Amino acid sequence: MVFLWIGIRSLPGLFIKMIKIIDPNFVSKSLKKAYNSETINKIEEEFEKDYYNRYLGSIRISLFMSLFLYLVFIFLDQYCSSQASNILPIRLSICFFALYVIYKSYQKNFIKSYQLLMSILGLIGGIGINLMIFMSDQNDLAYVTYYSGLMLVYMAIYSAYRIRFFNTVIVGTCILLIYNALTINKMMMFDQINWLLLINSNFFLVSANIK
C-alpha cells in the first residue's frame, strides 16, 4: 500500500514533466539556453540545404508525374465532359507552368523559390480541377467524379512535393473552399442543391486533408 501511495503522489509531478517536454515553448526555451539565435539559424539553414539536396530528385520525379497525369487526362475529358474543348486551355496552362517549375528545378537558385513554386503549382492544379467541374454540365461524368482528382493533388502537396506543412494546410484549405464555393454556385444555377453529392465529396476531401 505504501508503494502504491508513493506512486499515486508522484503522478502529478510526472505529468507536469511530460507537459514541459511536449510544450514547444519549453523546448524552444531550452534550445535558446543551449544555443544563441545565430547558431540556431545556421542549423536551420544547414538542415534546409540537406533536405533540399536529399529530396530534389524525388521532387523532379513528382513534377514529371504530375505533368504526365494532367496531360493524360486530356483524353479522359473527351468522354467525361461535354466541355472538353473549353477545359483544354486550363489543362495546357497548368502544364506549361509545371514545365516552368521543372526547368527552374535544374537552376542553382531553385532552393530559394521551390517552396513557393511547388505551393503555387499545387494550388493552381487544384483550382484547375475545380474549374473543370464547374464548367461541366450536370449530366457529365466529370461533374460528379472529377472531385477525386483533387485527392491526387492532396497526395502531391502533402507528400510528393515536399512542401512545408504550413504551406500545404493553406493550399489544401483554399482548394477545398474553392471547390465548395463553385459547386454550390453551380448547383444553385440548376436550382437544385444535391446535398448527397456535396456531403459525399466533402467527406472524402476533408478526410484527405486531415489524414
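Backbone N, Cα and C atoms are what each Cβ position is placed from, and that goes for glycine too.
According to TrEMBL, the transmembrane segment annotation covers 55-75 (among others). Outside the transmembrane segment (55-75), and at least 6 residues removed from its termini, the chain residues within Cβ reach (under 8 Å) are 88, 91, 94-95, 98-99, 101-102, 105, 110, 114, 118, 121, 125, 149, 152, 156, 160-162.
Marked as transmembrane segment by TrEMBL: 87-103 (among others). Residues 60, 63-64, 66-67, 70-71, 73-74, 77, 81, 117-118, 120-121, 124-125, 128, 131-132, 135-136 of the same chain lie 6 or more positions beyond the ends of the transmembrane segment (87-103) yet place their CB under 8 Å from a CB of it.
Same-chain residues lying 6+ beyond the ends of the transmembrane segment (115-135) with a Cβ under 8 Å from its Cβ atoms: 59, 63, 66, 70, 77, 81, 83, 86-87, 90-91, 93-94, 97-98, 101, 104, 142-143, 146-147, 149-150, 153, 156-157, 161-164, 167-168, 170-171, 174-175, 178-179, 182-183, 185-186. According to TrEMBL, the feature transmembrane segment maps to 115-135 (among others).
The transmembrane segment annotation in TrEMBL covers 141-158 (among others).
Per TrEMBL, the feature transmembrane segment maps to 165-181 (among others).
Marked as transmembrane segment by TrEMBL: 193-210 (among others).
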* Asked: In terms of Cβ proximity under 8 Å, which residues at least six beyond the ends of the transmembrane segment (165-181) contact it?
  -> 115, 119, 122-123, 126-127, 130, 133, 147, 150, 153-154, 157-158, 198, 201-202, 205-206, 209
